[in-house]
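Q: Questions regarding the structure given below will be posed in turn.
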Amino acid sequence: MIKLGIVMDPIASINIKKDSSFAMMLEAQRRGYEIHYMEMNDLHLEQGVALADTKVVELKEDPSGWYQFKSEQTIALSELDAILMRKDPPFDTEYIYATYILERAEDEGVLVVNKPQSLRDCNEKLFTAWFPELTPITMVTRKAEKIKAFREQHGDVILKPLDGMGGASIFRVKEGDPNLSVIIETLTNHGQNYCMAQTFVPDISNGDKRILVVDGEPMPYCLARIPAKGETRGNLAAGGRGEPRPLSETDKKIALAVAPTLKEKGLLFVGLDVIGDKLTEINVTSPTCIREIEAAYDISITGKLMDAIERRLKATAM
């Protein structure tokens, strides 16, 4: 029996209709795995050994009570076969410390999904810089005058922090916007923080597409997140609506261009954000949208993920 750990946000407050971590656990349970639930504060290190206070959990597809803890124990993480790191951003120093603890478990033979070092290396906004031919024109800086010059040159632009999620603090700035200076001050914390400027992609009205890539294989369907009327952000958390769709030829091309790098870096489950024909983000921490896509199409994305985990476990056991 496979022992699977999962580090996530509190299970009591998830929305099971939309939660991808819940979908992953349901599939693992269907396969007979023993599931060890953990939150960040359950992880600890002693003399270089990674440990955790875990709760073995059973799940049900029931909005009135979707989980039950069966037992509580403190274990060495090396007792687990695999661990899903599914903690949502913010990607802060606490998150980074947790990846070091998980890396100690990885050193002892545990498969950690996604790979802890790659979680640190591949910032969701900045990692697109390794694929400049696929992205909108992009600049990352702390300097207000550079952002203003970028806006001057490109007209309609998007400004965003490097550490947000769910569309938080994303601004669209057009010519003559009287708020440009205060937006820059807010995003850069008066020149103390980097922020990203990108040319605006008008195709956002047709949706910000979330494309899932499992172990280097793009899934054939995506979730297009359509902005609410008068909005420029498609994020569901910002009021957008999700529309499952098959991948277009352009979507496939973008996903296949990025996929080999993801696989090589041990990023088994990744969400690409694509607007029109431009890659805008590479989400590696806790990508979502599984539930919406699986509800619309005859596909088990979680099944493909567990297959990939089992393949890797078999390969290391040989």
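Using the three backbone atoms N, Cα and C, a Cβ is placed for every residue, glycine included.
Bear in mind that the values here come from a model prediction, so they are computed numbers and not experimental data.
Pulled these from Swiss-Prot:
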- 150-207: ATP binding site (BINDING)
- E281, N283: Mg(2+) binding site (BINDING)
- 124-310: domain 'ATP-grasp' (DOMAIN)
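I'd like these features described in context: how deep, what's nearby, how far apart.
A: For H190 (ATP binding site), no same-chain residue lying six or more positions away in sequence has a CB closer than 8 A to its CB.
Around N283 (Mg(2+) binding site), the C-beta neighbours below 8 angstroms that are at least 6 residues distant in the chain are E124, R210, V270, G271, L272, D273.
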Q: DSSP on Q198 (ATP binding site), three-state: which is it?
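A: The residue in question, Q198 (ATP binding site), is strand (DSSP, three-state).
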Q: Report, in whole Å, the straight Cα-to-Cα distance of E281 (Mg(2+) binding site) from N206 (ATP binding site).
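A: Cα-Cα, rounded: 17 Å.
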Q: If you count other CB atoms within 10 A of each CB, which of I158, V182 wins among these binding-site residues?
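A: When each Cβ's neighbours within 10 Å are tallied, I158 leads.
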